[in-house]
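> To start, I am sharing the structure in question, which I have written as structure tokens.
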């Protein structure tokens with residue numbers, strides 16, 4: 001998926017669209033989602049032009065990763081949430097609707113309406129080892 005510099009998050013980063021900013025650094029912006037799952041739902045948007053997590057430079061990903069614990073603690077404290085979901089949707093089939101990589105921090109409550117259907121599959125025979133080896137190969141780590 002190609003990066004579109006006119007996507008809504010790029011426009012927010014440029015100040016063309018207002019946002020309820022929570023935290024801004026040289027590398028990222030965290031703001032309230034305008035259509036929250038629950039109140040306090042944050043979006044963390046890196047300032048790098050990257051459509052998906054795979055497109056994001058490692059140093060920018062590390063920077064966002066360093067912000068996540070602090071933002072999670074703040075959302076949990078501010079909302080009184082029982083738990084949190086930290087989510088990255090990677091590609092349209094995974095639910096990504098804005099083609100600028102971003103993280104969701106969703107406060108969760110025992111009786112909230114948000115449901116995450118996650119049907120589980122299982123590996124048979126040596127499928128797990130084969131998949132492990134394919135992923136290791138893609139990483140460039142061979143089969144060790």
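From the backbone N, Cα and C atoms, a Cβ is placed for every residue, glycine too.
Caution: TrEMBL annotation is automatic and unverified by curators.
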> Of 95-99, 100-104, 105-109, which range does TrEMBL call motif 'Histidine triad motif'?
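Per TrEMBL, the stretch marked motif 'Histidine triad motif' is 100-104.
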> Using DSSP, tally how many residues of the domain 'HIT' (8-115) sit in helix, strand and coil.
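DSSP classes over the domain 'HIT' (8-115) add up to 34 helix, 25 strand, 49 coil.
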> Cβ distance under 8 Å to residue 102 (active site, tele-AMP-histidine intermediate), same chain, sequence separation 6 or more: which residues?
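Same-chain residues close to residue 102 (active site, tele-AMP-histidine intermediate) (Cβ under 8 Å, separated by 6 or more) are 9, 43, 44, 45, 46, 88.
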